[in-house]
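Features as listed in Swiss-Prot:
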| type | residues | note |
| --- | --- | --- |
| COMPBIAS | 195-205 | compositional bias 'Low complexity' |
| CARBOHYD | 159 | N-linked glycosylation site |
| CARBOHYD | 196 | N-linked glycosylation site |
| CARBOHYD | 199 | N-linked glycosylation site |
| CARBOHYD | 200 | N-linked glycosylation site |
| CARBOHYD | 203 | N-linked glycosylation site |
| REGION | 190-211 | region 'Disordered' |
| TRANSMEM | 13-35 | transmembrane segment |
| TRANSMEM | 47-67 | transmembrane segment |
| TRANSMEM | 74-96 | transmembrane segment |
| TRANSMEM | 101-123 | transmembrane segment |
| TRANSMEM | 137-157 | transmembrane segment |
| TRANSMEM | 161-181 | transmembrane segment |
| TRANSMEM | 248-268 | transmembrane segment |
| TRANSMEM | 284-304 | transmembrane segment |
| TRANSMEM | 313-333 | transmembrane segment |
| TRANSMEM | 338-358 | transmembrane segment |
| TRANSMEM | 382-402 | transmembrane segment |
């Protein structure tokens, strides 16, 4: 079926917003090796990942439970402010200390997590297929971010200059949301951003209205989910609604969290120690292996996040099992260095990204698509899944810190070389 101008316009806008939303976050991850080495904290590389995601968990909680009814436009303005503070802070941190750098990275992480939570919730106003535009944008952000950092370092630019150069992306993000996106007319009437969910002690008439909303949703195809929408009963309290929605998405959301835990342990904790550190080796690919691992991982994410138009995976649990096995391999590799070819490791990191991206795009597609989730509850269900993504990455950061200070401590370089400032 051909897509009209509005659909294409929105797809492009969501794509580039997804790219920008995760761009700074991905650059920080690619730079984490150099940043931790510059501050003589290679053993604490996990703290950078933790700062980049942990405070994002708080922002997701706030967006889900405290400011659910706040206008999305205001949220985006605030998010642009967070982006700017984070980038400027990281750029200035090389003149201060590691703690200041961590605080600035926290703002970068907040902007990425909060922005994702806001935009995914906002997408309930649009056809479910547009999640592919957003997901492919977030996927390409990793490729662009890691390539950008590798190229800038190769060009001899300092970390300060690199992060200052990223500031114009914030303005583009702002313009795309306010002037690029256009809510389809046939959805605008039924799905307003100011919809007030606070009065959950609804009467029978509202119960009937909810049933009708589910029945008239023409945007999505049927998925064999074993039944129709679980419409909220009359008199449902806010707490009861939270519990009911959690039950609707718990399986897919928990699988997504596990996949993210496994892949971040592999792509950060495992990849950082996957090769023997030799200061006398001037091979570009080995010297910059961690940043290149980040690129390979993000390349895999991009490919799989852009695959929704071609293949849809309903059995999410299979991806979780494969990623768990993959994580075990990378931990063993970090300890024993079994695979000596950096090129084989690069390919295996692409595979890691493929699994992660596939889980992400298919879980959110299912949430936006499944008939058993009422339209008015999709935003909350999306926020639950996004929240558990952050939980998975936060736990991964903590696990990496434990690994680097315990059974992998002997593999961490004892001396740190300064990177460019």
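Note: Cβ is positioned from N, Cα and C throughout, glycine not excepted.
The stretches the transmembrane segment (338-358) and the transmembrane segment (284-304) are in mutual contact, each linked to the other by at least three Cβ pairs under 8 Å (pairs 6 or more apart in sequence). Note: the stretches the transmembrane segment (248-268) and the transmembrane segment (74-96) are not in contact (fewer than 3 CB pairs below 8 A, sequence gap of 6 or more). The Cβ of residue 159 (N-linked glycosylation site) has 23 other Cβ atoms within 10 Å, all protein chains considered. Within its own chain, the transmembrane segment (161-181) has Cβ neighbours under 8 Å at 9-10, 12-14, 16-17, 20-21, 23-24, 27, 31, 73, 76-77, 80, 83-84, 87-88, 90-91, 115, 148-149, 152-153, counting only residues six or more beyond its boundaries. Beyond the ends of the transmembrane segment (74-96), by six or more residues, the same chain brings 24, 28, 38, 63, 67, 103-111, 114-115, 118, 158-164, 166-167, 169-170, 173-174, 177-178, 421 to within a C-beta distance below 8 angstroms of the stretch. Taking every recorded stretch in 47-67, 101-123, 284-304, 313-333 and counting its Cβ pairs under 8 Å to the transmembrane segment (382-402), the highest total belongs to 47-67. In the three-state DSSP reading, residue 159 (N-linked glycosylation site) counts as helix.
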